[in-house]
Every structure is written in C-alpha cells, then in structure tokens.
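K.L.:
Heads up, here are the entries from TrEMBL:
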BINDING   ASP37, LEU38, THR39, ARG64, GLN80, ASP84, ARG233, TYR237, TYR238  L-histidine binding site
DOMAIN    57-323  domain 'Aminoacyl-transfer RNA synthetases class-II family profile'
Amino acid sequence: SPLASAQETLMGKYGEDAKLIYELQDQGGELLALRYDLTVPFARYLAMNKITNIKRYHIAKVYRRDNPAMTRGRYREFYQCDFDIAGQFDPMIPDAECLKIVHEILSDLQLGDFLIKVNDRRILNGVFAVCGIPESKFITTCSTVDKLDKMPWEEVRSEMVGEKGLSPEAADHIGEYVQLHGGLDLIERLLQDPKLSQNKLAKEGLGDMKLLFEYLTLFGITGKISFDLSLARGLDYYTGVIFEAVLLQQENDHVEEPVSVGSVAGGGRYDGLVGMFDPKGRKGPCVGVSIGIERIFSILEQRVKASGEKVRTTETQVLVATPQKHLLAARLKLISELWDAGIKAEMLYKKDPKLLKQLQYCEDTGIPLAAIVGEQELTDGVIKLRDVATREEVRM
C-alpha cells in the first residue's frame with residue numbers, strides 16, 4: 001500500500017488517535033495523509049481488489065505525529081510488522097493462531113518475561129451497557145479505560161466523570177469490572193454474572209473468549225495469557241477480540257534507568273473495516289497482530305549496552321590488506337576476484353595504509369580474516385591469510 005493515501009481513507013477509523021495522523025496537501029490541492037498503521041491500508045486493499053481470503057505479513061514504516069520518547073522506542077516514523085488473516089472462518093481459530101505467533105516471537109527473541117492481555121470489545125460494550133452508559137459514549141469511554149495501564153484507577157475515574165460526563169455511580173460500577181483479570185475461571189464467573197449474562201453482546205464475547213482459551217490451552221500458551229477487562233485498545237475499528245503484549249521486567253542491575261517500553265505488540269479482530277471501503281458495504285472478517293519493531297530494538301540495545309559485549313556491525317568476511325606502499329593495484333585486483341566469487345570483502349579507501357591500521361580496523365569491526373598481499377607474495381604467486389583473533393597466518 002502507498003505511503004500517502006487520501007485523507008478520507010484514514011479519517012474516522014482511529015477514534016481519538018486521529019489527531020496523530022500526519023496530514024499533507026499536495027500541489028494539486030488534494031488532501032493526503034501518511035499512513036498511521038498497516039491495518040487500514042490493508043482493509044482498503046482487500047475491498048478494492050475484492051479479496052475475501054488472504055493470510056499475509058507486511059513490514060513497513062508508519063507515521064504518527066506523537067511526542068517521541070527515544071528511550072522507550074517511541075518515534076514519529078517507525079516500522080511495524082503486521083500479520084493478518086482475512087476470511088470467513090469458524091470462531092476463534094485464526095484469532096488463536098495470531099496469539100500463538102505473538103507468543104512464539106516474544107519467546108524466540110528472549111526479551112524476558114512477558115504477558116499477553118486479551119479482552120473483547122463486545123464484553124467491554126456489554127459492561128458499559130449494564131453500567132448504564134449510553135451507546136453514544138461507548139467509544140470515548142473505551143479510550144479512557146485504555147489508559148488504565150498508564151494511570152491509576154482514581155485518575156481514570158475522574159476523567160470519566162469530569163471529561164466524559166459519566167455519572168460517578170456508573171464510573172464506580174465500571175471500575176468493579178475493569179479491574180478484574182484472570183483466565184478460564186474468570187470467564188466462567190462472568191458467564192454466571194446476573195447482569196452480564198443478560199446482555200447479548202457480553203454473552204457472545206464471553207462465549208468466544210471461553211472458546212479462545214480452550215484453543216490456547218491446546219497450543220500450550222495460557223501461562224503467558226491473561227483475560228484482562230481493563231484492556232480496551234484505543235482504536236475505533238476493533239469489533240471483537242483484542243490483545244496486547246507487554247514486557248514485565250526490564251529492571252536491570254547494570255542500567256541506571258530501566259527501559260520501559262510498554263506494549264510491544266497488539267492487535268485484534270476488525271470485522272467492519274473492509275466494509276467501510278467496499279462500495280456495496282460487503283464485510284470482510286479480519287484478525288491481525290502488529291509487532292513494534294523499534295520498541296523491541298530499544299530493549300535489545302539496552303541489554304547489549306549493559307552486558308558490554310561487542311556487536312559486529314558488518315558481515316564482511318575478509319579485509320584485503322597490503323603491508324607496503326604502491327600496492328593499491330594488487331588490492332583492487334584481489335578484492336574484485338573475491339567480490340565476483342560472492343565473498344564479502346572490504347579494503348581501506350587509502351592508497352598506502354599502514355598494515356597496523358588495517359589490522360586494527362579488522363579488530364574494531366570484528367572482521368575475522370585479513371588477506372595480505374605484499375611484494376614477496378606477488379613474486380611467489382600467493383596470498384597470506386591471517387586469522388585476526390588468533391594471529392595465525394597461512395600462505396595460499
């Protein structure tokens with residue numbers, strides 16, 4: 001999908017976050033915007049090309065007019081890695097696979113302990129309904145609940161009452177629900193809840209959540225998954241299951257300030273988005289997940305820094321070096337042969353570099369081998385191959 005699209009493509013899909021969209025105006029007066037995520041352009045692509053079934057991943061840059069926080073991996077231009085499954089399937093099977101993928105990625109990267117929080121928009125909307133919130137305020141209440149991971153309940157409650165105009169009783173009532181988290185036992189308990197079980201949406205959502213947890217149990221990953229009623233995800237387009245992965249512990253003995261990056265992956269089901277772009281309003285059920293690459297990098301970088309280990313910044317296998325002056329031609333000929341043979345080789349861009357400097361460069365950059373060609377080697381028709389770490393040399 002293109003980097004810039006028509007503003008109307010992006011508007012009305014993100015709720016309160018829409019203020020973070022980068023808006024552009026081109027010379028022809030057309031109103032454009034930079035993509036805010038990879039999900040909305042994907043939905044537009046499905047609708048335009050009448051694609052009903054597809055499973056794909058996409059790694060690309062997105063743009064948000066946010067306040068950057070470099071230490072936390074928050075930027076205005078950053079990469080997302082998305083995985084989506086679109087198509088009409090039986091409930092919760094693709095959703096469970098998305099969660100399995102997040103679990104697999106975070107386990108393989110060995111980022112430390114993590115937790116994947118799961119909820120469902122239908123359960124949240126059911127909670128709001130039984131607490132007496134008018135439907136017109138569901139979405140704005142949702143974005144306030146979404147702040148519970150960053151703010152204590154007291155502050156969230158005062159925003160609900162002060163800014164969003166909810167009654168204090170309704171806010172307290174919501175508080176009883178959104179502070180709950182657990183697993184299958186909690187789902188069972190809520191299915192028996194006298195008020196929630198009477199609400200059609202909540203009942204549907206809880207039924208699917210139970211099914212999801214059964215599949216996740218079969219995948220063997222429920223140890224890292226928590227059904228968390230405070231999870232809301234601020235975006236408007238979610239219609240069912242929503243999830244977010246957070247790292248639990250970045251405290252490190254060697255680092256003065258622990259790096260806290262918040263959520264490193266998130267996603268959910270967005271069954272209505274494709275229909276917004278389809279001329280006939282045909283819906284296309286979709287579920288997907290997005291991995292925040294920069295956020296993960298900021299943790300890995302911090303970890304490398306703390307451990308003091310050197311990271312190789314190059315894949316170069318061999319440095320072509322010369323010990324005397326006037327041997328640039330020999331270096332150029334040899335490096336050309338190595339390149340043609342598919343060997344990753346480098347040389348210093350100096351006519352007559354000192355041998356010590358060339359070997360030092362290998363040590364600094366972690367290049368394992370130096371191919372040395374001097375006057376004697378040229379006469380004998382050989383090169384000297386030096387192992388930089390052990391300093392052993394062989395003539396070839």
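Any Cβ shown, glycine's included, is placed from N, Cα and C.
Here the structure is a predicted model, which means the values were calculated and not measured.
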K.L.:
Just to be sure I understand the packing, how many Cβ atoms besides its own are within 10 Å of the Cβ of ASP37 (L-histidine binding site)?
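P.N.:
Around the Cβ of ASP37 (L-histidine binding site), 20 other Cβ atoms lie within 10 Å.
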K.L.:
Count the other Cβ atoms sitting within 10 Å of the Cβ of TYR238 (L-histidine binding site), across every protein chain shown.
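P.N.:
Around TYR238 (L-histidine binding site), other Cβ atoms within 10 Å: 27.
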K.L.:
Within the chain of THR39 (L-histidine binding site), which residues six or more apart in sequence place their C-beta under 8 angstroms from its C-beta?
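P.N.:
Within the chain, THR39 (L-histidine binding site) has Cβ neighbours under 8 Å at ASP82, ASP84, TYR237, TYR270, LEU273, GLY288, SER290.
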